[in-house]
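Here is what TrEMBL records for this protein:
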TRANSMEM  41-62  transmembrane segment
DOMAIN    51-313  domain 'Major facilitator superfamily (MFS) profile'
TRANSMEM  174-195  transmembrane segment
TRANSMEM  201-220  transmembrane segment
TRANSMEM  232-254  transmembrane segment
TRANSMEM  260-281  transmembrane segment
Amino acid sequence: MAELKPFACLSPGCIMVVDIETSEGFDCEQAFGSGNFQNRLTLFTAFPVLVLICHAVAFTLISAEVDHWCRQPTGGNLSADAWRNISIPVDTDGRHSKCMVYANPWDPNDTKVIECHAWDFDLERGNGSIVSVWNLVCSRRSLKRLADVVFMAGSVVFLLLSGHCADRFGRLPVILGSAGILMAATLGACFAPSYPVYLVTRFLISGCTVSLNAVTGIILAECSSCARRSTLLSLSFLVGNLLADTYTLFLKWVRPSHWFYHQLVIVAPTLLVPVWSLLATESPRWLIASRRLEAAARVMRAAAQSNGSKPTA
């Protein structure tokens, strides 16, 4: 494979005349070579893929179903088994109903059933989940599905906003801003006092992780040649998924004593986001388009040095 020739000059004066309206007009690899810089960008882009997958599966793992039944009225002192035998009707599958109760359980001749709005959960056989914490059962089961809707909505809204902001303010500010919001939202999700607050944090988490994936992918594409662009982007996605699969295997060996700690373990890679974001670099292509030529020259010189290229200026 023939070695790429370095760009004639990396000074602001030379960069000013570069045509960046088309991908062919400015090939970054011809400007600062190909090597360690693109390799690091590929790994850098893979990390938010891992974070996104962890948050996507977190809700499924912490919202496991918990056996439940209608709660005794205030002041009731029956054991759980005695209460179920007296007051809970039996479904066609031979099991006690989870959502219905006899209207008058003390009258054996009254078989009228009504829907209940408070439940007890069998926490002795498991560690519980957000289902038992926020009563996401029976008539409130749709609230559990709402979390998936909110997660998808956050992705769509933030993807549109991040693209606009990345073009207007730069790729780096969007990465730093999304990383900061993601950290705050992740902590908020772990300590959410109510389900509505948790849904808000899910919206922000989804939006920020998708934004990080999109913007880092843009930077990688803008710093790669047309010939290698699709390969590097695919590789970053593959590496991110492999990391996520490996981490998922690790989670199978970890059995936290409570769903709260389970969630912390699942989203633990997010704790590295602040350090990861400090490794971000602005896209030289965007800097040139914004006529921030001195900054573009600095980034390109650093990239050339990382790749072992020798710019003439």
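Residue numbers in this text run from 1 along the chain shown.
Here the Cβ of each residue, glycine as well, is placed from N, Cα and C on the backbone.
Most Cβ pairs under 8 Å with the transmembrane segment (41-62) belong to 232-254, among the candidate stretches 174-195, 201-220, 232-254, 260-281. Same-chain residues lying 6 or more positions outside the transmembrane segment (232-254) and placing a CB less than 8 Å from one of its CB atoms are 38, 41-43, 45-50, 52-54, 57, 61, 216-217, 220-221, 224, 265-266, 269.
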